[in-house]
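Read through the structure below, which is laid out as structure tokens, and then see the notes.
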């Protein structure tokens, strides 16, 4: 019973973190799966769109948290601050900061698998949209052909039929995604208990690939590859009504009215930097404090 009470704050913290991940993942999934702004994007990409964006949202949350448990000075400061206001069992949870760091890393790995897997399908669907065998073939062909030379109209970032792998390497999102994934694989592989205990230097130096990981994460969404129909365009061009006759877009009917103007699209703004900038600043301050302290002379008295 005493052990249960001692570990209760730990499991409460872990439970809150897991619930936050589930809620944020689910809310984001249904937003991209149901919103009219992403109707045409879903027509091209299918259900992989929602899986990719929901996992990206969870990745942002966990990449925000991953650096905080390894800020030793921050943890020590919090432990001291909780000295008077919290009981000993709550303060003890701060001693589990590396364990929580590992939990977050496992969640990042899981969401990375989902995100990369979904985008593999997305790139394939973008490339095949020009000659899709689906019943929406005409709609996909029109959507993919929109906006030649006009960045406010195009939806499909792949502007011509091409190999999906070559298409991936043409975009900053593709190159940065490869860098992020490889960095994560190397860091996680070198952090296994066998390597960490037997070859600590390998674990230590490969873990500094987190610098590349975060640089790639910050720039990953700057191009706005995944696009949506603008809210103003949705008001004028209802995709639920207009998608049935893409050949009539931009044309006037017998009464002289244009019921379905050509839809306009915009890239989704990058959000990863908003989530990670705070923890990155805190970690930089942490390393500066460590460096300053390492330069101080220490006198061994006993």
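Indices start at 1 and increase along the chain as displayed.
Cβ coordinates come from backbone N, Cα and C, glycine included.
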Given ranges 151-170, 171-190, 231-250, the stretch to which TrEMBL attaches the annotation transmembrane segment: 171-190
Range annotated as transmembrane segment - as stated in TrEMBL, picked from 84-102, 103-121: 103-121
Long-range neighbours of the transmembrane segment (103-121), counting only residues six or more past its ends (CB under 8 A): 14, 17, 21, 45-46, 48-49, 51-52, 54-56, 58-59, 62-63, 65-66, 69, 177, 180-181, 184, 188, 191
Chain residues in Cβ proximity to the transmembrane segment (272-289) (below 8 Å; excluding those fewer than six residues from its ends, i.e. six or more beyond): 59-61, 63-68, 70-74, 214, 217-218, 220-221
